[in-house]
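For reference, Swiss-Prot has these:
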- 1-31: region 'Disordered' (REGION)
- 47-97: domain 'Tudor-knot' (DOMAIN)
- 111-154: region 'Disordered' (REGION)
- 196-529: domain 'MYST-type HAT' (DOMAIN)
- 229-254: zinc finger (ZN_FING)
- 279-300: motif 'ESA1-RPD3 motif' (MOTIF)
- Ala337, Cys338, Ile339, Leu340, Thr341, Gln346, Lys347, Arg348, Gly349, Phe350, Gly351, Lys352, Ser376: acetyl-CoA binding site (BINDING)
- Cys338: site 'Important for catalytic activity' (SITE)
- Glu372: active site, proton donor/acceptor (ACT_SITE)
- 413-438: region 'Disordered' (REGION)
Amino acid sequence: MAVAEIKKEKGSSLSPEPSSPIQILSTEPDANTDIKQEKFTPKDILPGCKVHVSKDGEFRLAEILQEHIKKGRKVFYVHYQDFNKRLDEWIELDRIDFTRSLILPEIKADTKENKSKKKSKSKGQTKLSKNNTTANSTTGTPQPSDGQPIMGDDEMDLENLNVQGLKRPGEEFSREDEIKKLRTSGSMTQNHSEVARVRNLSTIILGEHIIEPWYFSPYPIELTEEDEIYICDFTLSYFGSKKQFERFRSKCSMKHPPGNEIYRDSKVSFWEIDGRKQRTWCRNLCLLSKLFLDHKTLYYDVDPFLFYIMTIKSDQGHHVVGYFSKEKESADGYNVACILTLPCYQKRGFGKLLIQFSYMLTKVERKVGSPEKPLSDLGLLSYRAYWTDTLVKLLVERNSPALFRKNNSQLEYDEAENGKDSSATPTPGPGSNASQSSILASAAASRSGLNSSPIFSNEITIEDISSITCMTTTDILHTLTTLQMLRYYKGQHIIVLTDQIMELYEKLVKKVKEKKKHELNPKLLHWTPPSFTANQLRFGW
């Protein structure tokens, strides 16, 4: 028999609250029956509180960030403690454990010490600003210092750095202030409210893939009330109902991104799209990518950017796998502004292909490049993996011609033998010291997207590595230091190829031989670096 647990207390009613859960028992309760008592009600839940929420079969402590009424149901947006922000989600009441204690937010009272620190800090900042003003107005006159270092334009105050981008108590930011905080390139988020906003879409259906978004994206507000959003994987148009989507697809004839196909091999294709010429498509792409990138902003339009889209082909057409964008004119020498592999295609090597292609374009431009900072956590991992593979392969094979000849394909050897790469590497004439290995190295370097004519030697400079790989010296030094390859020995710097480095090289070669790692072929690239006039680079032209 099922009964409801009823306790008669002073001032309490025998009738339960309509919104309160009632425990159901299969037998009559007795003294030994363990009855779970509710310690709070839904009315007690406020933003900032912490509750235990059912997640993947167990209860996890989560912080309530926001509450909302969606289609007549009360839902809460929660952040799981000690978990990545991309796991934040909307939950309903049935996933909350009301038998465990509700943890209220801590209220930090301003003590006398805190108040005195704030006052002294504000005085120091005022004094510093006065010194800066005087220094700027008077040239050649030294000014007294208060002992605090004055930071340059490229330095960060690590003590006061707001890492999460959340608005601190007492801080107010207008839209104009937020725009002023943006970098001049327009692709980084430094505004506070953008990062702090909660995820607004529950599920998107992209072609045949059902994807759960990670972050907020400014889609139309009417779509946020829908449980599922349908996105066309060719036009990237979005719809709130399946009927609208199917009607659109029955009339849509687009089968690939609206740009020029500049690369195609047996696995992937790349398309170049000008943001000014295809504004709608590129804006839809930015809205989609913002669902999976937390550190980007959409304040600026797409006109100043070129988009390079990677696709795979099926019977239906070319499906977007990922993309990267780059500024038409980058004052800082960045070759990538934003890069993303869609979650349904991640962990399949496509991220490294995007990175390799960006450096392939940089090589054609005869430049060195680096991605715009800061990178996302997944983006940083992908770049570190690419930089590691590139440097390990280059340094090991440069130091050992035997390994180079052993681990490069017979096709490259035949091309070098037959002179098919004579346009890139002139054939040595009589009396030349160039060996057959040098010709082979040139062919393989051209195929891998590196500069031609590598020399087999146990000496190399950082600038040489930069010219071969098109990586910046900063990225090279960062990677060598991370791998613990760069040492200081007897008054000079050396690069040490340890056993761990050789193991990395063998794993890399094994992946290529087993065709687990796809390599792009620069010979299949048909692309000329675009040039723009001053008027074309002007925003809003």
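Residue numbers in this text run from 1 along the chain shown.
Just so it is clear, glycine is given a Cβ too, placed from its N, Cα and C backbone atoms.
Everything Swiss-Prot records as a feature, shown here on the structure.
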residue: Ile339; record: acetyl-CoA binding site; contacts (Cβ under 8 Å, 6+ apart): Gly322, Tyr323, Phe324, Ser325, Gly351, Leu354, Ile355, Ser358, Pro371, Gly379, Ser382
residue: Thr341; record: acetyl-CoA binding site; contacts (Cβ under 8 Å, 6+ apart): Val321, Gly322, Phe350, Gly351, Leu354
residue: Lys347; record: acetyl-CoA binding site; contacts (Cβ under 8 Å, 6+ apart): none
residue: Gly349; record: acetyl-CoA binding site; contacts (Cβ under 8 Å, 6+ apart): Lys516, Lys517, His518
residue: Ser376; record: acetyl-CoA binding site; contacts (Cβ under 8 Å, 6+ apart): Leu293, Asp294, His295
Maximum Cα-Cα separation (Å), residues Ala337, Cys338, Ile339, Leu340, Thr341, Gln346, Lys347, Arg348, Gly349, Phe350, Gly351, Lys352, Ser376 listed as binding acetyl-CoA: 22
Assigned element (helix, strand, coil) containing Gly351 (acetyl-CoA binding site), judged by DSSP: helix
Composition by DSSP (helix, strand, coil) of residues within the motif 'ESA1-RPD3 motif' (279-300): 12 helix, 0 strand, 10 coil
Rounded Cα-Cα span from the residue listed as 'active site, proton donor/acceptor' to Ala337 (acetyl-CoA binding site), Å: 5
Glu372 (active site, proton donor/acceptor) - helix vs strand vs coil (DSSP): coil
Rounded Cα-Cα span from Cys338 (site 'Important for catalytic activity') to Glu372 (active site, proton donor/acceptor), Å: 7
Per-region confidence, the zinc finger (229-254) (mean pLDDT, whole number): 95
Three-state composition of the zinc finger (229-254), taking helix and strand from DSSP: 10 helix, 5 strand, 11 coil
